[in-house]
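Read through the structure below, which is laid out as structure tokens, and then see the notes.
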Amino acid sequence: DGEQALQASLSVKEKLQIALCLEKAGVDIMEVGFPISSPGDFKSVQTISQNIKNSRICSLARCIEKDIDTAGEAMSHCDFFRIHVFLATSTLHMESKLRKNFDEIIDMAIFSVKRALRYTDDVEFSCEDASRTTMDNLCRIVEKLISCGVKTINIPDTVGYTIPNELSLIIKNLFERVPNIHKSTISVHCHNDLGMAVGNSISAIQAGARQIEGTINGIGERAGNTALEEVIMAIKVREDILGLSTNINHKEIYRTSQVISRICNMPIPSNKAIVGSNAFSHSSGIHQDGVLKNRENYEIMDPSSIGLKKVKLNLTSRSGRAAVKYYMNEMGYKDSDYNIDELYVDFLKLADKKGQVFDYDLEALAFINKKQDELEHFCLKFFSVQSISNNLSTASVTLLCGDKIYTESSTTSNGPVXAIYQALNRITHFPIILQKFQLIAKGQGKDALGQVDILVKYKKRQFHGVGLATDIIESSAQAMINVLNNIWKVKQVNKNLKNLKK
């Protein structure tokens, strides 16, 4: 279902990679494709079913013989698997889409379930558009299908129309009115058109549902599906209220989210609950001080519980002395090594000018002469690149290093940006490892600027760099120059500290 949100279909290899991540995270059941839809989807379901051992594989099928047979064939190498058949049950869908009455719908559903049971004893049935289906009809079809051997009854809010107390009432009614309901697991499948997918899912499990269908990061058609990571952590954090648990390895949540975001080319919003970059980030000085004293003051869950290493305090003009002091202590400096009052004044000036300040900026403010700090040691005087499709890229750069000028060239098969970075590295000889490269368009049309943000690793420390220009090659070069100057400042700090100790 999540793949419906993507502009292009995923390859078999990409789907398998996602499936392996989900398996490692401890997902109970993964619905991995719709085999009848294309040969590629059939191959994906087949490949995943052959490689996944610890999660149950499920395949989707309409109430059509060929769909069901194809689903069974795709998973025939599995010892255990599930076939998930679905059919619309709302009056609107029956009349305008299927052109059938409810008795015909029941007959189709029963026939399809019996067909699926030829391949596996684990059959799930979805009453498509269940949230807009009359309660009488819903109870009637659910009872008949459970009698046929359906193990899981799914109640989808197909168009994201319902609200939490309404879905809760639907589930409660099923438990009260369907006599054989205890023979099947009740599932919910919510969409996020009104922004209530997670809330609806939680209300459903409070009413008795025991399976939640969703996607990591909430990706899916239209406004998306239930974000599984949000439901999972809600169940964990509010176990006192819900009294439930899952089999999920919570420490794999963040990594799985990042992998899926990258493969699907769908960036995670910074304010996304649980996995967004700001989810455990604190900028306010009051909040930062509170978190440093006791993280529970402003955090309801431990970042490490989803696989993050530690709290992230953003150093901005809103940060207080406590945050600045915390970063200096994290870098190994004692209070006696610097003047916190002077440092904080200089920090605020830099934060107003720069926006976000990093640990190495604090070092420079504390230990480098202010006039010296304002000077950029490295300055790009000239660059040229030549790149031919399906061939090597060549770059030549002229770099001002203090009062000396150096020129260097480089040739690589990895493109013009890599060629420029190699040429710069030949001049500076800094053993840099590029960890992240991100290009963002600023503005529109021919005058748009390309902002390049990079993250590099140098001797166990991370350094950020930003470049902005209409030419993305130039902005890439500027970002690396930014990094080189930050590294140089750290080297100057170390040099000055050594001189002080002599």
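Note that Cβ sites are derived from N, Cα and C of the backbone, with glycine treated the same way.
Note that this is a predicted model, so its numbers are computed, not measured.
Residues Asp1, His189, His191 are recorded by Swiss-Prot as Mn(2+) binders, and the candidate that the same record lists for that site, out of Asn165, Asn217, Asn225, is Asn225. Listed in sequence order, the residues of the same chain lying 6 or more apart from His189 (Mn(2+) binding site) and placing their CB within less than 8 Å of its CB are Ser126, Asn154, Ile155, Pro156, Asp157, Thr158, Glu213, Gly214, Asn225, Thr226. A strand conformation is recorded for His191 (Mn(2+) binding site) in the three-state DSSP classification. Sequence-distant neighbours of His191 (Mn(2+) binding site) (same chain, six or more apart, CB under 8 Å from its CB) are Pro156, Asp157, Thr158, Val159, Gly160, Ala197, Gly220, Glu221, Arg222, Ala223, Gly224, Asn225, Thr226, listed in sequence order. Cβ contacts within 10 Å of Asn225 (Mn(2+) binding site), excluding its own Cβ and spanning all protein chains shown: 27.
Long-range Cβ proximity for Asp1 (Mn(2+) binding site), meaning a same-chain Cβ under 8 A and a gap of 6 or more residues, is found for Glu31, Glu213, Thr215, Gly220, Glu221, Asn225.
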